[in-house]
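Presented below is the structure to which this report refers.
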Amino acid sequence: MASSFPSMLVVILSLLLVFFSGSSRAQLSTTYYSKTCPNVLTKVKAAVQSAISKEKRAGAALLRLHFHDCFVNGCDGSVLLDDTSSFTGEKNAVPNKNSARGFDVTDNIKTAVEKACPGVVSCADILAIAARDSVTILGGRSWNVKLGRRDATTASQSAANNAIPLPTSSLSTIISDFSKVGLSTKDMIALSGAHTIGQARCTNFRARIYNETNIDSSFATTIKNNCPSASSGDNNLAPLDVQTPTAFDNNYFKNLVNKKGLLHSDQELFNGGSTDSQVRTYSNNPSTFSADFAAAMIKMGDISPLTGSNGEIRKNCRKAN
């Protein structure tokens with residue numbers, strides 16, 4: 001018994017070491033830059049405000065970049081990397097090609113932040129802050145963004161193709177895609193409310209408006225005017241929320257209840273399935289949606305960050321140092 005005690009102690013200490021090293025790797029903080037770059041939040045918000053003033057769509061683009069970043073190997077700024085001779089990045093993955101936007105805005109934000117605090121703030125953190133600012137500038141609720149992520153030095157097109165939910169996905173597939181990154185079905189429904197802003201391309205909703213029956217007929221007719229049934233007009237746009245396309249509110253959920261979801265994957269959330277009741281709750285309670293959305297964004301921002309000595313602080317968000 002006595003001889004087994006030292007070995008037991010070693011096991012316990014080893015487990016504690018694993019626990020604490022694991023938690024330190026994921027240790028993000030809302031005050032991370034309070035000493036090293038105290039003006040970072042002000043700098044980012046000013047640049048986001050400027051971009052949205054020029055084009056309201058910029059807010060949705062920045063929010064989507066953070067989402068697409070976090071779903072592929074964690075929130076590490078990999079979505080911003082251009083292709084190189086050594087890897088094919090995420091920008092031309094199926095969910096992003098001819099679709100992901102906001103890269104120029106991110107460059108502008110990074111330039112402003114670098115002038116204030118050279119080599120301190122990661123591109124991954126800039127995406128997280130810009131997503132929050134986009135929501136609040138367009139009328140949504142604010143939240144405290146946890147910071148301290150570092151930037152990946154590589155990216156993976158195949159990982160992006162496999163990880164990001166598609167507009168054609170079924171409810172079970174969407175739930176599974178979110179579950180794989182540690183997000184619950186409730187998180188998924190709340191985060192889907194980001195589709196209260198932004199636009200989608202005709203190629204992503206053509207099949208829905210021409211072939212599906214769980215769609216309001218007058219809504220479908222209106223959308224068809226700018227989305228031909230043939231293969232022309234693939235890049236023609238329609239708002240994801242036809243009621244208030246540039247305001248962050250709960251009308252997305254009201255649309256779903258009224259069978260006015262633009263994407264197949266949107267309407268799947270209210271189609272006689274397990275998520276109907278939560279959609280109805282959000283459609284009737286904007287404050288409940290706002291609170292749950294903020295909580296889910298914080299949770300999404302915690303997905304597998306690079307911290308400590310992992311990764312780097314990129315000087316240019318488009319390429320590794």
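These residue numbers are counts, starting from 1, taken along the chain as shown.
A Cβ is built for glycine as well, from the same backbone N, Cα and C atoms used for every other residue.
Just so you know, TrEMBL annotations are computer predictions that nobody has curated.
Note that the structure is predicted; figures quoted are calculated from it, not measured.
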Exercise. Regarding the disulphide bond with Cys317, report which of Cys75, Cys117, Cys123 TrEMBL records as its partner.
Key: Cys123
Quiz prompt | Disulfide-bonded cysteine for Cys117 as listed in TrEMBL, from Cys37, Cys202, Cys227 | solution = Cys37
Quiz item: Any idea what the Cα distance is from Glu90 (Ca(2+) 1 binding site) over to His68 (active site, proton acceptor), rounded to a whole Å?
Solution: 9
Quiz item: Nearest to Asp69 (Ca(2+) 1 binding site) by Cα, among Cys117, Cys123, Thr196, Thr244, Asp249 (recorded positions)?
Solution: Cys123
Practice problem: Filter the recorded positions His68, His195, Cys202, Thr244, Cys317 down to the ones within 10 angstroms of Cys75 (disulfide bond), Cα to Cα, kept in sequence order. | Solution: His68
Quiz item: Using an 8 Å cut-off from the Cβ centroid of Thr196, Asp241, Thr244, Asp249, can you name the remaining same-chain residues around the Ca(2+) 2 site, in sequence order?
Solution: Ile197, Gln243, Pro245, Ala247, Phe248, Asn250, Asn251, Tyr252
Exercise. Would you list the other residues of this chain near Ca(2+) 1 - those whose C-beta lies within 8 angstroms of the C-beta centroid of Asp69, Val72, Gly74, Asp76, Ser78, Glu90 - in sequence order?
Key: His68, Cys70, Phe71, Asn73, Cys75, Gly77, Val79, Ala124, Ala152, Ala155, Ala159, Ala160
